[in-house]
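Asks: The structure under discussion is supplied below as structure tokens; questions concerning it will follow.
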């Protein structure tokens, strides 16, 4: 075969038919904004005509093996030089436009430009197959120069489109202030619903035309061997856009040292912001970003997945850095609930790390999130277990006045009431910490909580083994019981001791019964035992207080030979009056805050004392009525006794003499 074969269209060929020639049949305009731009080498050739010739050349080159380079044409077709000049002219024309972006203004021009770039890219790929001394080497050098210039222009244009869209977001967004949300407003940090659905559409804030242009630029840059440059620009600017979006959500970069120095009230607000921003990211923003990336890199799925994976991973790591810093702060009881909120946020994130991520990134990201979740779990379990230590350390030697509910009881039960709102989460936390046996990488030294083992701990109601959290809860309750028993012994008056135990026992039982989750965890048998203990305290109180009063009304010894011994009778009435007045004076200052318990005590006292007094009075008052100082001995009627009993346990000392 002769090697003088040429693949260029003849100069006098008037056949300009074909799909491309019908859409663009004019020659290239070499002027822009009054300046002369370099024109094509053959002004009589049209761009569609040149492209048609080049497509034939590319087809022939593609089918020619490298070792068969002697079969190449003796000269490069004129259409190739025409295309080079045409592209060079197009770039000049674009660059001479005043306001970027320059692409996207004239659709036909853009189509011609990208079609031409695709041909040059294919030419370079095919030219590179052959030895550098071939007839194509000179044309390859020129193509490389043209390609480099065009790529420089496209890089600038790519960057401009991405940056303009970012500025448009910042100009139209209204800043949010989730930092204002603290625990005083909500113990649980819930994902705030967007105020307007349009806000979700603001991100990533690209017009369809801009996305189409980004897609075309990405496609031609990757095809031309500029994938690295394309990805660097896209990745850097999308990370910047994400950072701006997070700032709009109120989440800013806070260093590790800054977190350690922050007061809890301020840090609590930042945690609330972290939670809402993080959830908004993986529920709303990541989905929008993935859709954008898939569209921009629609012809390169692997690149798309890689770009999204790297961006999402960078954002997630930023969030994880904050959570790790928070975990390292000094632990205290009030931090538990925000720690659990953070744990739930990371737990709920993991299912969202799906096949949208590259395989390697997916595994790495799941591992990072899981490790961060484990660190938070250890911290949360440690804080909860610290409640046990605080109960053990509460060794105050001063009894609570009037036998009231002890502050430790109120604190512990209210703490558990809030904690039980996180029942499922705490179950997961204690199970995870127990399963890892406290050896998870990254935990603070000597701070791994001591988790009571679940072995041989069976439900009191005959059920299966208790959960780890249920065991911890039972441990707390047992410690509180033991502590209260010790504190009850600080009272010198045994009756007040039992009032104290009743007050605290009733408070605990009411809190348990009012919270379904705690009641289920503790079990029905535990509640029954608690009720039994309360009844026993009640009996002990009555025995300590009112048994002596009842003894004064015993008829034993008052009759001698069938006659009443008046001096002894008078002494009995005096003893009754004295004891009852002392009890009233003392126990009216005592406090039983639970109205039902207060009523039960008064009713039980009345049921024992008033019938006995009425019987005693009815039987023996006639023996004193005729004597002097009758009222000295019979000072009270049964109705008076009932009235005075109703004044017990109010915490208001009232003189019986003033009342009379």
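Using the three backbone atoms N, Cα and C, a Cβ is placed for every residue, glycine included.
Curation plays no part in TrEMBL annotations; they are all automatic predictions.
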Asks: Looking at 435-466, 467-498, 499-530, 531-562, which stretch does TrEMBL describe as region 'Disordered'?
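Replies: The range carrying the region 'Disordered' annotation in TrEMBL is 435-466.
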Asks: Match it up for me: which of 1-47, 48-94 does TrEMBL list as region 'Disordered'?
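Replies: The listed stretch tagged region 'Disordered' in TrEMBL is 1-47.
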Asks: Restricting attention to the domain 'Exocyst complex subunit Exo70 C-terminal' (273-647), give the mean pLDDT.
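Replies: A mean pLDDT of 88 is what the model gives the domain 'Exocyst complex subunit Exo70 C-terminal' (273-647).
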